[in-house]
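Colleague: Structure provided below as structure tokens; questions to follow.
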Amino acid sequence: MVKVCCIGAGYVGGPTMAVIALKCPEIEVAVVDISVSRINAWNSDALPIYEPGLDEVVKQCRGKNLFFSTDVEKHVSEADIVFVSVNTPTKTQGLGAGKAADLTYWESAARMIADVSKSDKIVVEKSTVPVKTAEAIEKILTHNSKGINFQILSNPEFLAEGTAIEDLFQPDRVLIGGRETPEGQKAIEALRDVYAHWVPVDRIICTNLWSAELSKLAANAFLAQRISSVNAMSALCEATGADVSQVSHAVGKDTRIGPKFLNASVGFGGSCFQKDILNLVYICECNGLPEVANYWKQVIKVNDYQKTRFVNRIVSSMFNTVSGKKIAILGFAFKKDTGDTRETPAIDVCKGLLGDKARLSIYDPQVNEEQIQRDLSMKKFDWDHPLHLQPMSPSSIKQVSVVWDAYAATKDAHGICILTEWDEFKTLDYQKIYDNMQKPAFVFDGRNIADVAKLREIGFIVYSIGKPLDPWLKDMPAVA
């Protein structure tokens, strides 16, 4: 029986291994992590992450050929294939701070693999890592190998949160990069055979190591770039009276461009886009390519500009001050159908409003109070370290209350900010909400999901990103 082990029971490791176990009943899959609470959650009825369809998959396989354990060394030493899916945060200090990936967790995983291995292994990079990480890992393993052969493969994940299970069942492509040696090719084939249980072989792309590593960074950079492109247009639309939805619809009809990822919003979030672009920038700088680095930096700058612009628009609309005013925040996750708040634009928007002394009442159907308080008091990039290494739970922010219902959030509020495109926000009783708010009542739609005409009919002053401005807002220019 082939044994597979995955180090790291997070957003990537958990769902990926659960699907491998489901599709390959003859393979024994173990997911290991040093976090006892996380493994306990994977073994319980309340999984540590929310992802549509994940519950069913885990419950079908758990205890049969899918196991979650804290006995890392035992499962690694028994495995034929070891996936490494640990955090690769952005460095906060030292060489490359603010850009380079911190490979501390990766390196300690590699040393542990070398330490406990008694048989040949295929080691698979699953985390998003900078180009050339495989080479570093290879060196660590070979210098500590005690005569055991290790083959390194890069198998980047291309999951979108909220649709991860669907993406795993029917991937656009599976990418496997390995050494161009007979042993390397054999390792690639072994991993290809696992995926071929359910993925058509023509969708499994085999490349060299560097191409696989760089393809992941490039794919995320291209996606983020599309979002920043349409967000840059949204600012111009507001200035000229154009409607960004009409513009992006017209642009997306061009089959060379296509309609996806052309929705203007308050900005992109998620654990990968910013991190991967910073990584790309650092690699370009290290390889003497400053022009290329500056090109990709601009994608992040526009994203930051969009969040700042949104906050400025809120403050300037409300008589240039939000001090002491209650503002309802609807949605905190970085997108709908996930409880993930990593790099969510809501953090910067909330911090901007708190900086102007607003009182915030926050509601998100999937994010709890502890997470929101932690996100709002944490330093940049701290979120990407394991929980036990994050700063101790800071004192909660007094001007923030977290509620469990949109009507409680909006009661007596001066304004509403829609920051996540949860479907339920489209069907709220906005008349009831309006009646219970301070007047003038504002809606700032950061996701363009509200029915603007209907809201204006009720009496709201509405700001939608990239849409023709409400007469009220025209008199109050957003100072950038």
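In case you wondered, yes, glycine gets a Cβ from its N, Cα and C as well.
Feature table excerpt (TrEMBL):
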type	residues	note
ACT_SITE	Cys272	active site, nucleophile
BINDING	8-13, Asp33, Arg38, 86-90, 127-128, Glu161, 272-275, Arg342	NAD(+) binding site
DOMAIN	328-452	domain 'UDP-glucose/GDP-mannose dehydrogenase C-terminal'
Colleague: List the residues of the same chain that sit at least 6 positions away from the residue listed as 'active site, nucleophile' in sequence and have their Cβ under 8 Å from its Cβ, in sequence order, or write 'none'.
Modeller: Thr128, Asn220
Colleague: Run through the domain 'UDP-glucose/GDP-mannose dehydrogenase C-terminal' (328-452) and tell me, per DSSP, how many residues are helix, strand and coil.
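Modeller: Across the domain 'UDP-glucose/GDP-mannose dehydrogenase C-terminal' (328-452), the residues distribute as 42 helix, 19 strand, 64 coil.
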Colleague: Far apart in sequence but close in space: which same-chain residues, 6 or more away, have a Cβ under 8 Å from Gln274 (NAD(+) binding site)?
Modeller: Ala224, Phe268, Ile300, Asn303, Glu343
Colleague: If you count other C-beta atoms within 10 angstroms, which of the binding-site residues Gly8, Tyr11, Asn87, Glu161 is the most crowded?
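Modeller: Top count of Cβ atoms within 10 Å goes to Gly8.
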Colleague: Taking the Cβ of Asp33 (NAD(+) binding site) as the reference point, list residues of the same chain whose Cβ is under 8 angstroms away and which are at least six residues distant in sequence.
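Modeller: The list for Asp33 (NAD(+) binding site) reads Ile7, Gly8, Ala9, Gly10, Gly13, Ile39, Phe68, Thr70, Val72, given in order along the sequence.
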Colleague: Looking at the domain 'UDP-glucose/GDP-mannose dehydrogenase C-terminal' (328-452) alone, can you tell me the average pLDDT?
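Modeller: Overall, the domain 'UDP-glucose/GDP-mannose dehydrogenase C-terminal' (328-452) comes to a mean pLDDT of 90.
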